[in-house]
Amino acid sequence: MVAIPTTAHGVPSIKVSRNAINVRFADPPAVHDTRDLHKRAECGESIGSCSPGQCCSENGWCGTTGDFCGGPQCQLDYSDSCDTAKSPSGESTLGVDRSPLGTVPYGTEITQCTSPGTMALTFDDGPWEYTSMILDILADRGVKATFFVSGNNLGKGMIDDESTQWPSILRRMHSDNHHIASHTWTHRDLNQVNPDIRESEMVYNEMAFRNIFGWFPTYMRPPYAYCYWSTGCTDTVSALGYHIINMDIDTKDYLFTEPATIDNAKDRFASLFPTTAGDDGHIALAHDIHYQTVVNLTDYMIDLSLSRGYTLATVGGCLGDPEENWYRNADGGSSSSAETPALTPTPSPSVSPDQTCGDTAGYTCQGSAFGACCSYYGYCGASAAYCGTGCQAQHGSCDTLPSGLYTTANGLCGAQFDATCMSFVKWLPVGIQRAWGLPLNFQLLVSVG
Ligand SMILES: [Zn+2]
């Protein structure tokens with residue numbers, strides 16, 4: 001058995017920074033003798049929950065500090081006090097109008113800049129103790145970057161807690177004209193959690209931003225860089241009005257956090273985009289929670305990009321999106337709506353307040369927070385399940401479908417829909433009926449035709 005360093009409580013010693021890494025690709029945790037751990041563990045599957053006020057850690061120990069309650073490792077099923085479950089102060093932002101802003105696409109993953117010859121450097125998982133340093137470096141170099149902020153990961157406390165350094169760091173980030181985007185509240189994998197947690201991971205982060213700035217972002221990057229349509233993730237973040245940003249250059253800096261290894265991240269960066277700027281623009285991923293990234297990799301990325309003829313830009317900037325669209329005022333509209341006259345549409349029929357749409361419901365999806373498309377079943381949404389086969393164009397927007405026979409977007413097929421189910425493979429994640437109100441017979445329809 002491998003010896004595991006332990007704390008006074010016999011808990012395997014886990015450095016806080018471990019929560020920060022992309023777990024999916026990270027070094028595996030230290031090898032445990034699981035039989036031994038289960039014998040001694042205090043909480044978890046087949047053992048039970050911690051006492052009220054305590055958190056069940058990844059390895060089954062009850063406690064109240066960041067090691068137990070922080071980030072995605074805290075076991076929600078056996079704890080009542082994980083950071084994930086704690087909301088920032090004030091009213092929920094869920095009721096804020098989510099009308100689409102600008103022309104950058106929603107509901108699809110964006111991995112590259114659209115402005116030719118641009119390079120967007122992006123930094124995830126902060127703010128952290130090195131974030132002020134990277135802001136200094138970027139200021140010295142005159143470079144604007146994009147920060148995907150996690151509001152309460154790593155057991156660091158809430159970013160809107162004025163007794164911490166986080167609010168002032170974020171205010172400086174904004175006043176330095178960097179682009180601030182969301183990376184969820186506690187860095188949970190949005191594909192793995194239930195719809196309620198998926199939503200609170202986005203909304204709690206919004207509330208913290210609202211408490212600091214009065215607005216919250218319209219751009220997000222999913223933790224671990226995955227947000228699948230099949231799990232409901234794409235629908236959730238799109239319905240909340242977020243652009244989904246990933247990257248085409250992954251430095252994997254979280255694997256190379258030592259002076260002796262950081263050159264591997266540099267080599268990856270150098271090898272993943274053309275040596276001469278051309279028609280393409282690129283989005284590079286690194287993390288401002290790693291010291292070597294901040295003091296070593298960042299200057300390298302700036303120097304190499306410039307030497308290859310690229311223009312360094314923010315994500316919003318390199319997608320041609322005006323800055324007022326990067327943020328949504330907590331009272332609705334874009335961040336500049338206070339200065340611009342509000343449009344006063346008089347929709348008829350009314351915009352759906354509860355996701356229902358169509359003749360019976362009497363609502364349109366155009367302008368609905370749930371998405372602009374009215375599905376065959378009479379529900380508003382933004383994905384192909386709503387905008388594709390059977391979509392009701394008279395009650396909202398629909399995808400433009402090619403003429404002739406095409407592959408169904410949602411299981412509806414046959415002559416009536418000019419669609420085939422031959423290539424349709426789909427599974428419904430647990431909870432989707434609760435989350436999206438799909439009819440119970442939806443799964444049966446999938447196999448018909
Ligand atoms: Zn992350």
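Backbone N, Cα and C atoms are what each Cβ position is placed from, and that goes for glycine too.
Under the heading domain 'Chitin-binding type-1', TrEMBL lists 40-84 (among others). Residue counts for the domain 'Chitin-binding type-1' (40-84) under DSSP (helix as H, G, I; strand as E, B; rest coil) come to 13 helix, 6 strand, 26 coil.
CYS50 (disulfide bond) counts 24 other C-beta atoms within 10 Å of its own C-beta, drawing on all protein chains shown. Per TrEMBL, disulfide bond is recorded for CYS50-CYS62 (among others).
The disulfide bond annotation in TrEMBL covers CYS55-CYS69 (among others).
Residues or ranges marked as domain 'NodB homology' in TrEMBL: 117-313.
If you look up TrEMBL, you'll see 329-353 marked as region 'Disordered'.
According to TrEMBL, the compositional bias 'Polar residues' annotation covers 332-343.
According to TrEMBL, the domain 'Chitin-binding type-1' annotation covers 354-400 (among others).
Annotated disulfide bond per TrEMBL: CYS373-CYS387 (among others), in sequence order. Classification of CYS387 (disulfide bond) by DSSP places it within a helix. Every protein chain considered, the tally of other Cβ atoms within 10 Å of the Cβ of CYS387 (disulfide bond) stands at 25.
Mapped onto DSSP helix, strand and coil, the domain 'Chitin-binding type-1' (354-400) counts 7 helix, 10 strand, 30 coil.
The Cβ of CYS69 (disulfide bond) lies under 8 Å from the Cβ of CYS55, GLY63, SER79, SER81, CYS82, ASP83, GLY155, each of which sits 6+ residues away along the same chain. Taking the Cβ of CYS373 (disulfide bond) as centre and 10 Å as the limit, one finds 28 other Cβ atoms among all the protein chains shown. Comparing Cβ neighbour counts within 10 Å across the disulfide-bonded residues CYS55, CYS62, the minimum falls on CYS62.
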